[in-house]
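Q: Feature table excerpt (TrEMBL):
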{"type": "BINDING", "residues": "H74, G115, H116, A117, G147, A148, N175, F244, E327", "note": "thiamine diphosphate binding site"}
{"type": "BINDING", "residues": "D146, N175", "note": "Mg(2+) binding site"}
{"type": "DOMAIN", "residues": "276-439", "note": "domain 'Transketolase-like pyrimidine-binding'"}
{"type": "REGION", "residues": "440-470", "note": "region 'Disordered'"}
{"type": "COMPBIAS", "residues": "444-456", "note": "compositional bias 'Basic and acidic residues'"}
Amino acid sequence: MADVLSGVASPADVRALPEDALPGLCEALREAIITTCGRVGGHLGASLGAVEVVVALHRVFHTPQDALLFDVGHQAYAHKLLTGRRDRMHTLRQADGIAPFLDPRESHHDALAAGHACTAISAALGLLAGRRQLGHSGHVVAVVGDGALTGGLSFEGLNNAGGSPLPLVVVLNDNQMSISANVGAIPALLRTRNARAFFESLGFTYLGPVDGHDLGALTRALREAKASSRPVVVHALTKKGRGFPPAEADEQTRGHAMGPYEWRDGKLVRSRGGRPTYSEAFAQVLGDALERDPRVVAVTPAMLEGSALTGLKARFPDRVHDVGIAEQHAVTFCAGLAAAGAKPVCVIYSTFLQRAYDQVVHDVCLPGLPVVFAVDRAGLVGADGATHQGAYDVSFLRPLPGLTQWAPVVGEDLGPMLATALQASGPSVLRFPRGTLPDLPPELARDGTEAHDARAGAEGGKSSTASRLTPAALPMPGARWLKRVPGSRLTLVTLGPLGLSALEAVRSEPDWSALDARRAWPLDEAALLEAAAGGHVVVAEEGTVRGGLGSAVLELYAASGVSPRVTLLGMPDVFLPHGDARVQRTQLGLDAAGLLRAGRALLGEENR
Ligand SMILES: Cc1ncc(C[n+]2csc(CCOP(=O)(O)OP(=O)(O)O)c2C)c(N)n1
Ligand SMILES: CC(=O)[C@@H](O)[C@H](O)COP(=O)(O)O
Ligand SMILES: [Mg+2]
């Protein structure tokens with residue numbers, strides 16, 4: 001079987017295959033996808049479901065003269081395998097390896113880079129319009145999932161395309177799944193006869209529904225679409241996870257994304273990390289809040305699974321809302337909830353919050369509504385790479401009046417921070433990273449929340465996690481001295497879990513202090529000015545250096561007329577690619593060794 005695939009070095013080879021070789025090709029593609037994901041993990045379910053769609057597309061359209069745009073790009077592993085990347089698929093999602101999604105810098109068969117959902121229709125229409133304007137021929141096809149039709153951007157594209165004479169081809173890969181089961185009225189409509197009426201009323205010729213695993217039917221529909229002089233939708237019904245029993249049987253996500261696994265004797269063997277993640281810890285404290293206060297409501301834009309909210313959805317079906325891939329709507333929906341007196345918590349990945357910036361500014365912050373944003377995946381995300389890095393939230397949120405930005409160091413910080421945010425009269429952010437919770441270091445275990453603020457002089461506060469979550473600890477104070485050395489020449493100022501790197505670093509430098517900023521905004525000015533008094537400050541954060549906490553600290557020092565020597569560490573001024581987040585953290589100097597290096601260099605003691 002693999003032999004069929006080894007004879008395919010480019011789409012021209014796919015087109016040259018006799019029809020009776022195609023089922024074998026599809027099987028070999030599935031085998032390659034299953035093997036690759038087993039070794040390195042990845043977006044298995046969507047890619048398995050789209051195998052026939054991809055093969056049929058390459059039979060009918062000729063890339064790169066014709067352009068295929070896959071929404072998100074997570075379903076396109078077969079496309080990668082057919083376009084000269086088969087030999088490198090084992091490097092998928094790893095540093096310097098094959099990209100997690102599509103990118104023309106990796107292959108000229110990839111028309112445009114993506115990773116976020118709902119962009120394909122607009123991008124494809126623009127590409128087609130641009131090509132026609134410049135006198136280029138060639139067809140342009142947007143492959144979108146049913147999940148993408150829960151997002152407004154897709155509809156902006158459909159509206160424009162349906163009213164345009166350009167012969168855009170939209171292939172709707174309808175598997176009735178987003179990451180979780182798809183939601184809302186439109187996915188329901190897609191499985192009725194009204195699907196035809198719906199697309200036709202938007203100005204498209206509708207072809208389908210077609211069995212998306214029937215190569216013959218798909219090929220015929222795509223040929224007809226290619227011959228059209230008008231915009232066309234080809235509606236293909238597919239099954240996510242097709243051909244891999246554990247994915248097909250996975251009722252939650254149909255194997256949407258999987259970590260490495262082994263497939264032995266017909267059984268899936270997966271090593272599951274035992275430690276809870278920040279997302280799970282947040283979901284736990286959110287569950288407590290939902291339990292305690294009937295006004296609390298949780299909202300997720302299509303990330304129930306990743307945000308660890310499936311359990312809460314089952315417990316509080318009417319108060320946990322999955323609104324689809326609709327970040328803008330999610331935020332404005334929360335604004336409405338807050339205006340009604342509810343206490344909405346919008347649980348959203350840092351990278352996806354980017355799409356809802358105006359909604360945060362205009363609908364939440366401007367009226368000062370008490371919406372809590374739980375910003376997950378803040379910082380380095382690892383294998384998903386540049387499109388998904390949680391790099392910008394601190395920088396783009398910091399200028400917004402009245403918005404408080406919290407960042408927990410350890411899981412134990414989440415409860416008091418959420419409780420403080422829920423008590424606030426205006427909007428708040430809690431940013432936390434992708435990954436597992438650290439052990440509670442002894443320096444933090446010693447004190448209760450309020451006792452961390454050494455200026456309060458409190459020692460030996462409450463000792464149990466539960467007691468740290470009590471309202472007595474609220475509201476959260478400002479910055480927290482992780483270590484405070486009187487007369488210290490240097491202070492490490494950190495945001496979020498980097499406080500743990502700082503704690504480790506200062507164990508080797510008994511004369512240095514360490515301050516957890518605890519908030520990116522508003523700053524704890526008194527604590528930061530105290531840090532400046534030592535003359536040397538290193539600010540470290542997992543977000544862009546430009547515009548982040550470090551910039552805020554420099555603004556404070558400039559405005560206060562103090563001028564310590566300052567080094568800023570964080571994510572640099574480039575789009576950081578996929579790789580191992582731990583390795584990248586070290587490369588960026590954000591681990592304890594990096595902080596030590598930066599501090600010693602600042603003091604002119606690099607040779608120590
Ligand atoms: C703006 C944005 N929000 C959320 C996501 C996370 N995400 C990636 S794929 C996906 C589901 C997409 O569903 P669908 O379009 O139907 O494709 P399928 O996976 O079913 O093939 C989601 C929610 C994203 N990539 N971009
Ligand atoms: C393709 C996509 O956007 C999501 O599937 C994303 O890869 C999820 O990331 P996490 O694994 O961090 O939930
Ligand atoms: Mg889908």
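Even glycines carry a Cβ here, placed using N, Cα and C.
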Q: Looking only at DSSP and grouping its letters into three states, which state does H74 (thiamine diphosphate binding site) belong to?
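A: Reduced to three states, the DSSP call for H74 (thiamine diphosphate binding site) is coil.
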Q: Cβ neighbours within 10 Å, counted over all protein chains: which one of the binding-site residues H74, H116 has the most?
A: H74
Q: Whole-number Å distance between the CA of D146 (Mg(2+) binding site) and the CA of N175 (thiamine diphosphate binding site)?
A: 7
Q: Least buried of the binding-site residues D146, E327, going by other Cβ atoms within 10 Å?
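A: Each of the binding-site residues D146, E327 was scored by Cβ atoms within 10 Å; lowest is D146.
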Q: For H116 (thiamine diphosphate binding site), which DSSP three-state class applies?
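A: Looking at the DSSP assignment, H116 (thiamine diphosphate binding site) belongs to neither helix nor strand, so coil.
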Q: Once near-sequence residues are set aside, which residues in the chain of G147 (thiamine diphosphate binding site), 6 or more away, have Cβ atoms under 8 Å from its Cβ?
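A: G147 (thiamine diphosphate binding site) has long-range Cβ partners A117, M177, S178, I179, N182, P187, A302, G324, I325.
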Q: What count of other C-beta atoms do you get within 10 angstroms of the C-beta of N175 (thiamine diphosphate binding site), across all chains shown?
A: 23
Q: Looking only at the domain 'Transketolase-like pyrimidine-binding' (276-439), what is the mean pLDDT?
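A: 98, rounded to a whole number.
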Q: If the criterion is a C-beta within less than 6 angstroms of any ligand 3 atom, which of the binding-site residues H74, D146, G147 pass it? List them in sequence order.
A: D146, G147
Q: Give the three-state DSSP assignment (helix, strand or coil) for D146 (Mg(2+) binding site).
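A: Going by the DSSP assignment, D146 (Mg(2+) binding site) belongs to neither helix nor strand, so it counts as coil.
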Q: Which of these binding-site residues (H74, D146, G147, E327) have a C-beta closer than 6 Å to some atom of ligand 2?
A: H74
Q: If the thiamine diphosphate binders are H74, G115, H116, A117, G147, A148, N175, F244, E327 per the record, what's the largest distance between their Cα atoms, in Å?
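A: Output for thiamine diphosphate binders H74, G115, H116, A117, G147, A148, N175, F244, E327: max Cα distance 31 Å.
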